[in-house]
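What follows is a single structure, written as structure tokens, with notes after it.
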Amino acid sequence: RKRPIEAMRDDRRKSVTSTKLPKCLTTLDLTSLGVGSCGGTGMYVVSGMVAHEIAGPGVVFSFIIAGLVSLLSGMCYAEFGVRVPKTSGSAYTYSYVTIGEFTAFFIGWNLVLEYLIGTASGASAISSMIDSLSNQTIGHWMVLHIGKLPSIGESGHDNPNSYPDFIALFIVLVMTAVIAAGVRNSVIFNNALNVVNILVWLFIIIAGICFADVENWRKYGGFFPHGWSGVLRGAATCFYAYIGFDIIATTGDECKEPHKSIPRAIIYSLAVCMTCYVTVSAILTLVLPYTLIHEESPLLDMFNHVGFWQAKYIISVGAFASLVVSLLGSLFPMPRVLYTMASDGLVFRFLGNVMKYTETPVIATVISGSIAAILALAVSLRDLIEMMSIGTLLAYTLVCLSVLLLRYQPVVLVDSRTNGCAVLPSVDEEHTSKIALLFCIIRLDSSIGKSVGFDPSDVETMESAAEILDSRDNANLISKDNTEKYKSAGHNYGTINDESKSDLDDQQKILAETWRRIQLALYPPLQHIKYTLDGWMIPIRMCLGIPPKSERPTDETGKRAIRRICFLAFYLICFNVFLVFGAKHLIYKAWWAMLLLSFFIIILLVLILLVCQQPQNPTRLAYMAPCLPFLPICAIWFNTYLMLKLSAITWIRFIVWCFVGLFIYFGYGVWNSDLERNDEKFKETTYE
């Protein structure tokens, strides 16, 4: 059973509390949240650990590979941020509207695990940095007077420097109080720390270049001392450093313009984080041989090793700011996912209560923060990082799968009064043109929407436009004046109307005019290239059985696409099992391994072609993931590959956590879900 998209927009949270989350976040705020969440532990901890133990100088490529895989998933997240903009919950919500309730709970539960471990590991990293500044005095005192922690890592050997981390416990509790104080205060605090972090990053790059030695990339086993296998295994761990961008998708209820801000902020934050990670890891391995890099405080130790001990104070300020903001980025979305799940009845509903004074889900914040504090106290940093990536990778995989499934489904219109759905597989072209025209008019000029008596923010997708078009007088909406106004706006390629110009300052006017001239200059050659390529592609598409773009999906083709896509996803998992566990045979080019690899690739191409033979939904959104179906398929392929590269003990912990979640879902969630409570109402209206 699924949640209709429009029902998620319109009726979400009404039954939980009368207090709503405030809409106060801009694109810059969301980008800052994403950068802050990503930019701490990855730059100051993970880079050193992966370089020292797994990849050597190849950590540079580990970060690039992990970043590109994250970017593929980020594009799919961005599309869903446009499809379902006014909701919190991230991948949980996206799975709820496309795959079903059980999968949505499964993803939401693992997102909670991701944020719990991210919070605990961030606090442990801050504590480790403070201990490093004291020359390990704190750690030695803790081990001597309190004792050591047993290891739960893959090796099973106790770490002599691992101790109950009361400093990390205190840090998590303080940050929990900051989050509970209100979203606006949290964002201001986040932005200020990000400014400090960027300045220190610039210092690391400039100062590090002065001590760089290219010989460190040539000696000690070369640039790839552990081969490409080490680079890929390092990428699976480096992926942990990019998990922050999904915080952006949890803020839909608190964003001013979610359909614009969410996709932009996701792409911007990933680009900034990849730049920071690649440059810092390059400097780190250029200044020191990878065998001498300190695992837990690599940058501090790097400057101490070259005699520039004064830099440690600047690095300490930046590391503290970066790790605190990373901790904030992990703790911030966790109560919002719980709030969303509680609002839908899948976890205990009291977690969805919002305090009127702070406008935050305080109960969910305090409970989740307390659990994270206990984890930070009792589990070592190394074990936390190992546990981190698997839940994130699974969430990203299912978001990509959801985008792929939804693109091949017929147009679904929803009656918001009944939470109902109606599939329209064969809408005539004239009606479709009116829907598209209405959508474009409202997005170009919101005053038209206000003039006919509805909120322009409701027209975020063509489904919304279709619903409005069917419920109102068409002549009033698509009037001659409005049509002419739209044509004029389209002819000028986005020229800003007179009313908007009066509100812009001189700099914005110059930028708008410059962009208009660039569009006018580029439009003819780009159109010529497009028409030429289309002419070449038409016979190829006909030979391969790929339908024309004008063909619309039906209920039958939608079900066929679901079967083929799900089988393709299962096949990719099998393919990755072969690539991971047969890697040694592939490296030595065993004849049977190469033959099997050829068969796998041929069958994969056939399955992709079978998916391409289904018509796609022609609905246009403000942002759509490009190169479908290839981009989501690549993301699913890479994500599952990285999951299989994680250690066996990580999988065991993940399975235990999943069993706890299944107990909660089948014991409480399945019986208290909104869809269960309104079963009779949803039987006729929820689409399959």
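Just so it is clear, glycine is given a Cβ too, placed from its N, Cα and C backbone atoms.
Since we're looking at a predicted model, the values are computed, not measured.
Here is what TrEMBL says about this protein:
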type     : residues : note
TRANSMEM : 21-46    : transmembrane segment
TRANSMEM : 58-80    : transmembrane segment
TRANSMEM : 92-112   : transmembrane segment
TRANSMEM : 166-183  : transmembrane segment
TRANSMEM : 195-214  : transmembrane segment
TRANSMEM : 266-293  : transmembrane segment
TRANSMEM : 313-339  : transmembrane segment
TRANSMEM : 360-381  : transmembrane segment
TRANSMEM : 387-408  : transmembrane segment
TRANSMEM : 590-611  : transmembrane segment
DOMAIN   : 623-673  : domain 'Cationic amino acid transporter C-terminal'
TRANSMEM : 623-644  : transmembrane segment
TRANSMEM : 650-671  : transmembrane segment
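At the 8 Å Cβ threshold, with sequence separation of at least 6, the transmembrane segment (266-293) comes into contact with the transmembrane segment (21-46) through 3 or more pairs.
The average pLDDT computed over the domain 'Cationic amino acid transporter C-terminal' (623-673) stands at 86.
DSSP assignment over the domain 'Cationic amino acid transporter C-terminal' (623-673) gives 40 helix, 0 strand, 11 coil.
Here the listed stretches are 21-46, 166-183, 360-381, 590-611, 650-671, and the one with the most C-beta pairs under 8 angstroms to the transmembrane segment (92-112) is 650-671.
Highest Cβ contact count with the transmembrane segment (387-408) among the listed stretches 166-183, 360-381, 590-611, 650-671 falls to 650-671 (criterion: pairs under 8 Å). Under the criterion of 3 or more C-beta pairs below 8 Å, with sequence separation of 6 or more, the transmembrane segment (313-339) and the transmembrane segment (623-644) do not qualify as touching, having fewer than 3 such pairs. For the transmembrane segment (590-611), the most Cβ-contacting stretch among 166-183, 623-644, 650-671 is 623-644 (pairs under 8 Å). Tertiary neighbourhood of the transmembrane segment (623-644): same-chain residues 66, 69, 72-73, 75-76, 78-79, 81-82, 232, 235-236, 239, 263, 389-390, 393-394, 396-397, 400-401, 403-404, 407, 565, 568-569, 572-573, 575-577, 579-580, 608, 611-612, 616, selected by CB-CB distance under 8 Å and a gap of 6+ residues from either end.
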